[in-house]
Amino acid sequence: MPPTSPAPDPAQNAADGPFPKAELHLHIEGTLEPELAFALAERNGVTLPYATEDELRRAYSFSDLQSFLNLYYALMAVLRTEDDFADLTHAYLARAQAQGVRHAEIFFDPQAHTARGVPVGTVIEGLTRALDTAEERYGITTRLIMCFLRDESAESALATFEAARPYLDRITAVGLDSAEVGHPPSKFAEVYALAREAGLKCVAHAGEEGPPSYVWEALDVLGVDRVDHGVRCLEDEKLVARLVADQVPLTVCPLSNVRLRVIGELADHPLPAMLEAGLLVTVNSDDPAYFGGYADDNFTAVRDALNLDEETLRTLARNSFRASFLDEPTREAYLKEVEAHGRG
Ligand SMILES: [Zn+2]
């Protein structure tokens with residue numbers, strides 16, 4: 001299914017457009033649309049295993065995690081130069097702007113590129129070249145989060161961190177992603193300790209497909225400031241109490257959860273229960289080119305499927321800035337925009 005374009009939104013003041021929001025769970029590699037994949041393939045002389053854009057677009061309607069990952073890693077072959085990473089980032093920022101995103105904290109996976117012979121410096125220089133223009137060109141503030149692939153070894157994560165050391169001033173946090181089950185957070189305790197020593201924030205995917213114990217490990221072993229996904233925390237009352245007491249943010253990705261079969265249907269999504277429990281929940285797009293929608297597409301989808309009212313959407317928008325790594329004055333300015341939105 002191709003990404004949806006912004007839909008008309010009767011619950012919002014049309015003149016105001018979508019709610020201003022922060023996107024906190026977004027893999028830049030997951031924003032690669034078929035058109036750009038073909039354009040970059042041509043520029044780099046890479047042959048894709050799809051004859052036409054239409055054929056590729058049909059491949060985006062995968063139905064399970066493995067077929068998604070196969071496509072995801074096959075398409076990464078088109079990303080080779082700084083220009084490629086800059087173009088990918090500009091394409092995302094333009095879409096994010098149209099979706100009301102005012103602040104984006106963007107994941108990238110260096111190991112997915114270094115494994116193909118693309119140096120980490122090429123990746124970071126390309127991404128930051130585009131991000132450096134984001135405020136002026138798109139009105140979006142940004143942060144960069146370097147993720148480790150958890151199905152790779154702890155040694156590989158350490159080597160990646162060392163290779164990225166010259167660029168740490170461009171990186172706000174480290175994260176942990178890819179196939180969760182069988183790869184608990186504790187496997188990466190050492191590299192997270194180094195990241196904290198270097199003054200970086202820490203986040204990790206946990207409790208998406210993995211059990212609540214992985215969320216406990218992310219909190220207590222890795223010392224994360226934020227948990228990515230975390231929907232399975234609801235299976236553990238004590239964990240919910242801890243997350244509520246500490247107001248640890250959870251970056252929930254509703255359309256992703258449906259496409260990857262973490263939950264059956266959007267109408268069954270636990271988002272309302274999570275809000276009800278007092279969790280600091282945010283709504284994000286994960287890999288939007290593949291999962292059927294960008295930030296506001298996710299807002300609109302949960303609003304419609306779960307009958308969320310305007311004030312609940314405002315809470316989600318407010319939470320997105322509260323959960324961000326912004327400095328306080330900028331956070332306060334964005335929160336004022338959220339309060340003013342749709343109130344003429
Ligand atoms: Zn993710």
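Think of each number as a place in line: the chain as shown, counted from 1.
For all residues, glycine too, the Cβ spot is worked out from N, Cα and C.
According to TrEMBL, the feature active site, proton donor maps to Glu208. Using a 10 Å Cβ-Cβ cutoff, Glu208 (active site, proton donor) registers 23 neighbours.
Counting only residues at least six positions away in the same chain, the Cβ atoms of Phe107, Phe108, Asp109, Cys147, Asp177, Asp286, Asp287 sit under 8 Å from the Cβ of His27 (Zn(2+) binding site). For His25, His27, His205, Asp286, the entry in TrEMBL reads Zn(2+) binding site.
In the three-state DSSP scheme, Asp287 (substrate binding site) is classed as coil. Under the heading substrate binding site, TrEMBL lists Asp287.
Residues or ranges marked as domain 'Adenosine deaminase' by TrEMBL: 20-339.
The site 'Important for catalytic activity' annotation in TrEMBL covers His229. His229 (site 'Important for catalytic activity') is surrounded by 27 other CB atoms, counting those within 10 A of its CB over all protein chains shown.
Under 8 Å, Cβ to Cβ, and six or more positions away along its own chain, His25 (Zn(2+) binding site) finds Phe107, Asp228, His229, Thr251, Val252, Cys253, Thr282, Asn284, Ser285, Asp286. Look at the binding-site residues His205, Asp286, Asp287 and count other Cβ atoms within 10 Å of each Cβ; Asp287 has the fewest. Taken in sequence order, the recorded positions His229, Asp286, Asp287 that lie near ligand 1, meaning a CB under 6 Å from one of its atoms, are Asp286. Taken together, the residues of the domain 'Adenosine deaminase' (20-339) have an average pLDDT of 96.
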